[in-house]
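First the structure, in the form of structure tokens, and then the observations on it.
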């Protein structure tokens, strides 16, 4: 099937004189680090709070309903997000989306006092809009800005910074609730701390440059377009995503990629461990994400000369690891059920050997999550090179991912058995692997210049294009 971006094949990438400094404001590395820090502050902190189960509440009903609203709107705006980002530009899209994270956490601070779900559900729906915009902008940046032979490395840099937010964020409920071994809900200071860090993320987003002003070290621009897109163009291109065979092959993997969060956060961490230990588990989970992203990033960039071979090996490694981890989760789930809960919550300081197995399982899921999602981003980055196309691809991926998450949170809200949730998660994850193999086989080429939106020819810009004012 011909790519819907075939009309852009005639457009040639522009080239500027070589830039000696890699860590300059308009370099891909600097911009990837900035988007990593933005995600450190916003979705990273969100993940830290979500990971302790029920967003810090003893009864997860309010969080389940708010997250259903969140991922329902995220699913829609996620698919549209790539187009919206192409129209608004990444700076405005990111700044506005960061503020929605602050509002969402504020709704749970309110819930701590009023025990009314309405605010949390509305804030969840608004956050879904913001998250759709944020992740579309993020996807375009981390997949289109890096040099073609270092996409895995740049993705792992982003993933480490992003998940460092989960690590640091997990320290907030861990320390603020350390002496509350019998506590059920987190205290107000926990929510306020998260809101402050998320506000800092909104300010950091203002350092993001338009794609047309980002220049690689070899002098090539990350995009050959200096103007943002328009509504009509983006509407047509987004509709075409649903007829793009590459996106259809990635659909099952996208759907399952965070579907398991509900089961893991609520029904493993939330059920088996007390509050302070859930904070510790969260810290280790997001730390494992950092390790997993570094490992898969190295594999996808440096393991074999052939890019397609690296793709096949990456899928093989992740699928084998995933099968082993889900097998361990199955063995763990045989020990308890929704109607036969453990008599006592596990505590890292007092449960001894009983704590070790579930703790290791939780750590392993962090490895798997980072490796799978980084692998998918690497594959997406091999399908095109220009930021507009990859913004749409990333938006589609996040939209489908969020639709799956919306269903998962509501499944748990309906009190579906833990074992049924586990088996559905395991099955969905397994289905995605062979389809990714087909995608790599048919769409990933060893020649970087065969990607959509690129050619081997170059265009030299006038000297004025390299004036310092052009990148500020």
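Any Cβ shown, glycine's included, is placed from N, Cα and C.
Source: prediction; values computed, not measured.
Some features that TrEMBL has for this protein:
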REGION    451-472  region 'Disordered'
TRANSMEM  29-46  transmembrane segment
TRANSMEM  66-85  transmembrane segment
TRANSMEM  92-111  transmembrane segment
TRANSMEM  117-142  transmembrane segment
TRANSMEM  154-178  transmembrane segment
TRANSMEM  190-209  transmembrane segment
TRANSMEM  247-263  transmembrane segment
TRANSMEM  283-300  transmembrane segment
TRANSMEM  312-331  transmembrane segment
TRANSMEM  359-380  transmembrane segment
TRANSMEM  423-444  transmembrane segment
Best-packed against the transmembrane segment (66-85), counting Cβ pairs under 8 Å over 92-111, 117-142, 359-380, is stretch 117-142
Examine the transmembrane segment (29-46) against the transmembrane segment (117-142) and state whether at least 3 Cβ pairs sit under 8 A, considering only residue pairs 6 or more apart. yes
Per Cβ pairs under 8 Å, the stretch of 117-142, 154-178, 283-300, 423-444 packing most closely against the transmembrane segment (247-263): 423-444
